Amino acid sequence: MAPPTRIGLAGLAVMGQNLALNIAEKGFPISVYNRTTSKVDETVERAKQEGNLPLYGFHDPESFVNSIQKPRVIIMLVKAGAPVDATIKTLSAYLEKGDCIIDGGNEWYENTERREKAMEEKGLLYLGMGVSGGEEGARNGPSMMPGGSFDAYKNIEDILTKVAAQVDSGPCVTYIGKGGSGNFVKMIHNGIEYGDMQLIAEAYDVLKSVGKLSNEELKEVFAEWNRGELLSFLIEITADIFGIKDDKGEGYLVDKVLDKTGMKGTGKWTVQQAAELSVAAPTIASSLDSRFLSGLKDERVEAAKVFKAGGVEDTLSDQVVDKKKLIDDVRQALYAAKICSYAQGMNLIRAKSVEKEWDLKLGELARIWKGGCIIRAMFLDRIKKAYDRNPNLSNLLIDPEFSKEMIERQSAWRRVVCLAIGAGISTPGMSSSLAYFDSYRRERLPANLVQAQRDYFGAHTYERIDIPGAFHTEWFKLAKSKI
């Protein structure tokens, strides 16, 4: 019989398997369990094939829990919602006071807070831990965002710091904060990811539809961008995608992929939280809307027929463009819009941190996103430095370095958006990011008229720019008295 293991992991889908193997490879003996026992056997076999790693499989929850040294630490990687509650119920029947459960899935933060409270009443510790990096990251080093019981974090800190992605500033993991902060931060990470991916897709559309770049040229362009300021995981994989030939037919695989984007819900949660917190996040919101519209494939096919019959083609005009100039303009537009997406995400995190008194460190979040995760990018180091310079920075756009870059790139950004509008190509991410930038940098907006309208029909009052206090005007009476 094997000696007690250091940790347990329940839930052996792709992420669970790979994280378990990563933990074992780092020298921590691990017990694994899955309700479908074939997954247990599959994981044990992989551990043997990948170097006789210290991984032990169990087919029933009681023997699984009893195989782990005390105080026990168990990571769950199961589907969010009811499956998490069911797994907790199964495991907690065999756990003892001081043991710890960690939810490593994409869970709604309030569910984590509810579960932490329920576990505390039983004498158990609980963490909600966002894990980013996909299957490759889980196996070789993810970015991890644990929040909840600090005592629970200390029980597993030695493992997490070894298992996480490693960058020049240390492991890509840190204790995020109290309650559901870890899950909340991971949710916003995913919202930023939505924005990032949408902006890249729009850059691709403009280059292909207006610039007429081939897949070979697109591969070269994105590979070149990945050697500069846009260096990131998403730009890297985009270059890779453009180079893959279709193994089931002629041409390139990307052109055969149905233009219908799926989603699992974290982007929607992010936009809902933006509304709840009254934080503008148009880049992220437009990326979600774009996914909704992509899902209307059949309707779009019919709409295209209707408008083509009326003379409105897919692309409105074949514009003659300087290809080299266009590529450089799109690069600058993508970078500037990307800054807006990250600024919106960070503002959401800060607003929630204030509301919940989490005291989150935005610079440290940028640091742990530098490696392992899907949004890892070179410029995250500069975001960290911006918050190091000013922890109370109200918006990334006004950091001295980032504001300078926005000023330098805004002309190219406007050219790209105008070009796309002229060609009838939708760029909701770039356009909404530009509108966000323009609204934020203007001292006075036309909101005065909107507030006057509200006071006219609803007596909602208004403030004046010259006299303090709340005012109401009988707009209707004044207007009609002049007739």
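Going from the start of the chain as shown, residues are counted 1 onward.
Every residue gets a Cβ built from N, Cα and C, even glycine.
Using a 10 Å radius centred on the Cβ of K186 (active site, proton acceptor) and all shown protein chains, the other Cβ atoms total 28. As annotated by Swiss-Prot, active site, proton acceptor applies to K186, with the evidence given as similarity to another entry.
As annotated by Swiss-Prot, active site, proton donor applies to E193. Residues near E193 (active site, proton donor) in space but far in sequence (CB under 8 A, at least 6 apart, same chain), listed by position: L234, I374, I375.
If you look up Swiss-Prot, you'll see G11, L12, A13, V14, M15, G16, N34, R35, T36, V78, K79, A80, N106 marked as NADP(+) binding site. Under the three-state DSSP scheme, A13 (NADP(+) binding site) falls in the coil class.
The substrate binding site annotation in Swiss-Prot covers N106, S132, G133, G134, H189, N190, Y194, K264, R291, R454, H460 and rests on similarity to another entry. Secondary structure from DSSP puts H189 (substrate binding site) in a helix.
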- Item | All-chain count of other Cβ atoms within 10 Å of H189 (substrate binding site) | 24
- Check each residue in the chain of G11 (NADP(+) binding site) that is at least six apart in sequence and keep those whose C-beta is under 8 Å from its C-beta; list them in sequence order. N34, M76, L77, V78, T87, G105
- Item | Candidate nearest A13 (NADP(+) binding site) in space, where candidates are the binding-site residues G133, Y194, R291, H460 and distance is Cα-Cα | G133
- Message: Please give me the binding-site residues out of M15, T36, K79, G133, R291 that lie within 10 Å of K186 (active site, proton acceptor), comparing Cα atoms only.
- Response: none
- Its Cβ having more other Cβ atoms within 10 Å than any other among the binding-site residues K79, R291, H460, the winner is R291
- Message: Need the DSSP three-state call for K79 (NADP(+) binding site) to compare against my parser.
- Response: coil
- Quick one, of the binding-site residues A13, M15, which Cβ has the fewest other Cβ within 10 Å? A13
- Task: Can you tell me how spread out the substrate site is, meaning the largest CA to CA distance among N106, S132, G133, G134, H189, N190, Y194, K264, R291, R454, H460, in Å?
- Result: 49
